[in-house]
Amino acid sequence: MKLAGLKSVENAHDESIWAVDWVPATDRRPALLLTGALDETVRLWRPDELSREGTPLGGHCLGVVSVAAHPSGAIAASASLDSFVRVFDVDSGATIATLEAPPSEVWGMRFDPKGNTLAVAGGGSASIKLWETSTWQLITTLNVPRPEATRPSDKSVVGKFVLSVAWSPDGKRLACGSVDGTVSIFDVARAKFLHHLEGHYMPVRSLVFSPSDPRVLFTASDDGHIHIYDSEGKSLIGAMSGHSSWVLCVDVSPDGAAVATGSSDRTVRLWDLSMRAAAQTMTNHSDQVWGVAFRPLGGAGVRSGRLASVSDDKSISLYDYS
């Protein structure tokens with residue numbers, strides 16, 4: 001796999017862009033790029049020319065820190081520093097539901113593969129909240145326990161601030177990353193904590209399961225490393241490094257063969273998993289890269305893959321690969 005720069009849009013938002021996801025294609029339209037920024041808006045973009053689709057979507061009174069698209073492509077959600085999650089209709093922009101949380105308890109979020117549940121990283125609550133997507137009622141709260149080595153008086157427990165979440169492709173496992181570097185794994189059906197994955201020592205802001213193996217989990221950390229875990233066996237099976245600063249985001253290609261990362265070193269890197277090494281470095285951005293996202297498979301007339309990245313420099317970059 002090799003990336004080729006396709007298009008960049010400067011000043012795509014009025015402030016730093018912190019969130020990106022792809023809205024899957026529907027029968028009526030292609031996949032769309034979804035971005036969220038500190039300017040309190042969410043925007044949609046056409047996949048090839050990066051032209052804006054519709055008007056900017058508001059509804060938040062502070063910056064947007066996360067966006068997530070439903071697998072149907074019909075709805076999406078945005079999470080903000082205002083502690084609200086706004087669920088909206090992609091085509092009309094109409095608000096479907098508004099989910100409220102206490103301050104600092106809304107961060108990363110993801111829909112499960114079937115679209116029945118929205119998982120929201122609970123920040124300072126040290127938990128993940130699961131919302132049912134037909135009624136938008138809270139199903140349960142999964143609490144992240146202290147690592148066994150800590151004592152009740154240990155101040156490091158304060159660092160159990162949950163930033164990121166990821167679903168396994170079969171929907172059976174949920175992983176979350178915390179400020180202290182801990183990754184926690186849950187059995188979703190039983191709403192039960194299984195174990196911690198250790199190895200990082202700084203915040204894990206992003207993580208994603210392999211689409212080709214539900215056991216394999218990729219994590220990105222401020223410690224500069226990308227880890228590859230066997231999430232069931234509780235083992236670290238690989239590590240990749242090369243960024244010169246924090247690794248802020250990670251995504252895996254639809255075929256599971258490559259990983260893309262973004263960093264505060266201003267670069268996007270493509271990693272060849274067969275070699276477990278960086279295959280390419282892209283330098284389109286002039287500031288921290290907060291989000292990378294591979295376009296999912298599907299959609300009429302789609303002949304090649306797409307990767308998007310977003311940055312503090314307010315720009316979006318789109319890359320082609322085949």
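Easy rule for this one: first residue shown is 1, then count along the chain.
Quick reminder: no glycine exception, Cβ is built from N, Cα and C everywhere.
Residues or ranges marked as repeat 'WD' by TrEMBL: 10-45, 57-98, 162-196, 197-230, 240-281.
Across the range of the repeat 'WD' (240-281), the DSSP-based residue counts are 0 helix, 24 strand, 18 coil. Contact counts against the repeat 'WD' (197-230), taken as Cβ pairs under 8 Å, peak for 240-281 among the stretches 10-45, 57-98, 240-281. Beyond its flanks by at least six residues, the repeat 'WD' (162-196) meets 107-114, 117, 119-123, 125-128, 130, 140, 142-145, 147, 156, 202-211, 214-215, 217, 219, 221, 223, 229, 231-232, 234 of its own chain at Cβ-Cβ distances under 8 Å. Here the repeat 'WD' (162-196) is broken down by DSSP into helix, strand and coil counts: 0 helix, 22 strand, 13 coil. Per-residue confidence over the repeat 'WD' (57-98) averages 95 (mean pLDDT, predicted model).
With helix defined as DSSP H, G or I and strand as E or B, the repeat 'WD' (197-230) counts 0 helix, 19 strand, 15 coil.
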